[in-house]
Amino acid sequence: MTLRFKLAALVLGATLGFSAPVMAQQPVNPTASSVQEQQLLDALKPGETISGRISIPDDNAADLQKPSNKDWMGFNLKVSDRVMGVALVGTLLALLVFFVVKGRLKIEAGRAGRTITRFNVFERTVHWTMAISFIALALSGINVAVGRYIVLPWLGYEAFGSLTYLGKLAHHYLAWPFMVCVVITFLMWVRHNIPNKLDLRWLKEGGGLLVKGKHPPAKKFNAGQKIVFWGVVVGGSLVAASGLLLMFPYFLDSATDWQLAQIAHALIASGMMAMILGHIYIGTVGTEGALDAMTTGQVDVNWAEQHHSLWLEEELAKGAVQRRGPGGEVTPAE
Ligand code: HEM
């Protein structure tokens, strides 16, 4: 049941243009000029709201004080923000330890100097559009969630305010290319990402990390990459769906639904950011020769043999190998 206090409506409703307030039986005297917000809040039972009267059809607009909002804020402060911090810092530390212990995964046979096309221009354009938009979304999202602890002390209020405003714009507009790219990525690579028995073997053998010189066979994408692919497709869809609800709250019934969407958005995004940190590590410093696949589109055949032996066999059968000159120029292999 909703409590209505004369004074609350008079004081707060005057600013918001509420019509005549209603008085209910309350332990505090609503006409006392000394009535305080805390007294009004103390008088509320769990789930109750202090509301005014409005003449527009949106009931939510009548709410003046909704103590349950504090549960949502408390959850964000105590859980969501911490989950995000642990996901990001924990993953970075784990990758650092992994790098220190294992070092860079080398092309064991050295570079052959002959390359094979791994991704065409279209695939690379989609990948980098998705990557750049995701990174901008991640950074602006992190700023909204925890920027007040880690950025504000550095920048001060004015610069932090401007940065956060620009970040919010970036977050709203770059969500669109990101969502489009997730859909295209799904359509473009789903046929290479259907799980099969080879993936179990790849996982059992730790992707070749457990025994040096022994690499489990893989087709175009190995089990680790399939996890990233499905993480991006499923995680990206969920983060997009919850983000759209936050952007267009009119589709939701109540403020509580919006709060649930916000919590889901923050938690799923945290998981995705941790996964993508691992992906960026593997695609850059972690594995020699991997980045070529997404820059030039060509990979060395010895890299392909080590990481994707079955895919290489299929491609060789099509005669798809090139020779690279010392200046990087490409000529067909004899
Ligand atoms: C600086 C950032 C990034 C770098 C350096 C990078 C690098 C790479 C590389 C080298 C590959 C090809 C691996 C191969 O040849 O098998 C790849 C594939 C892929 N990337 Fe990225 N990437 C980045 C960011 C992202 C982001 C932000 C996303 C999605 C949100 C993403 C999603 C994917 C997916 C789904 C694949 C295919 C599966 C896989 O190889 O794991 N990448 N990336």
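Keep in mind that glycine also has a Cβ here, set from the backbone N, Cα and C atoms.
What TrEMBL records for 1-24 is signal peptide.
Residues annotated as transmembrane segment in TrEMBL: 83-105 (among others).
Residues or ranges marked as domain 'Cytochrome b561 bacterial/Ni-hydrogenase' by TrEMBL: 118-297.
Look at TrEMBL and you will find 126-150 (among others) tagged as transmembrane segment.
Here TrEMBL flags 170-190 (among others) as transmembrane segment. Through the fold, the transmembrane segment (170-190) approaches residues 122-123, 126-127, 129-130, 133-134, 136-137, 140-141, 144, 221, 229, 232-233, 236-237, 240, 243, 247 of its own chain, all at least 6 residues removed from its boundaries and within a Cβ separation under 8 Å.
What TrEMBL lists as transmembrane segment is 227-251 (among others).
The transmembrane segment feature in TrEMBL is assigned to 263-282 (among others).
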Q) For the transmembrane segment (83-105) against the transmembrane segment (227-251), do we get 3 or more Cβ-Cβ pairs below 8 Å once near-sequence pairs (under 6 apart) are dropped? A) no
Q | Integer average pLDDT (0 to 100) for the domain 'Cytochrome b561 bacterial/Ni-hydrogenase' (118-297) | A | 96
